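See below for the structure under consideration.
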């Protein structure tokens with residue numbers, strides 16, 4: 001049996017901008033995408049901590065080290081600069097893979113810099 005499990009998460013990213021007139025997506029600092037094992041154009045789920053909005057879009061890489069998290073297109077209506085968001089990806093795993101699976105989790109500070117990595121960091 002296959003189960004849908006958390007693959008990766010960027011926790012408490014601060015939205016840096018919203019661009020309603022871009023074609024869509026969420027622009028994410030390329031360094032943070034790599035740390036969280038998120039590929040360009042991969043489907044992502046976004047959870048806005050400030051307003052409760054939850055939506056699906058896809059990731060595009062922004063400049064490495066910039067700390068950018070830009071809501072693009074229709075997603076720009078789901079939040080504003082300064083909002084805290086959680087970005088998650090999911091993948092299907094079989095029972096053998098689940099036994100050894102650990103999601104990639106990147107916890108950010110208020111300036112979108114990594115504080116720590118790993119699920120335990122979010123729980124403490």
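Numbering starts at 1 and runs along the chain as displayed.
Cβ atoms are placed via backbone N, Cα and C, with glycine included.
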### Query
Since Swiss-Prot lists 73, 74, 75 for substrate, which candidate among 57, 89 does it give for that site as well?
57
#### Entry: Env. residues of substrate site, Cβ within 8 Å of mean position of 57, 73, 74, 75 Cβ
24, 25, 26, 55, 71, 72, 76, 77, 78
### Query
Which whole-number value in Å describes the distance between the Cα atoms of residue 75 (substrate binding site) and residue 25 (active site, schiff-base intermediate with substrate)?
7
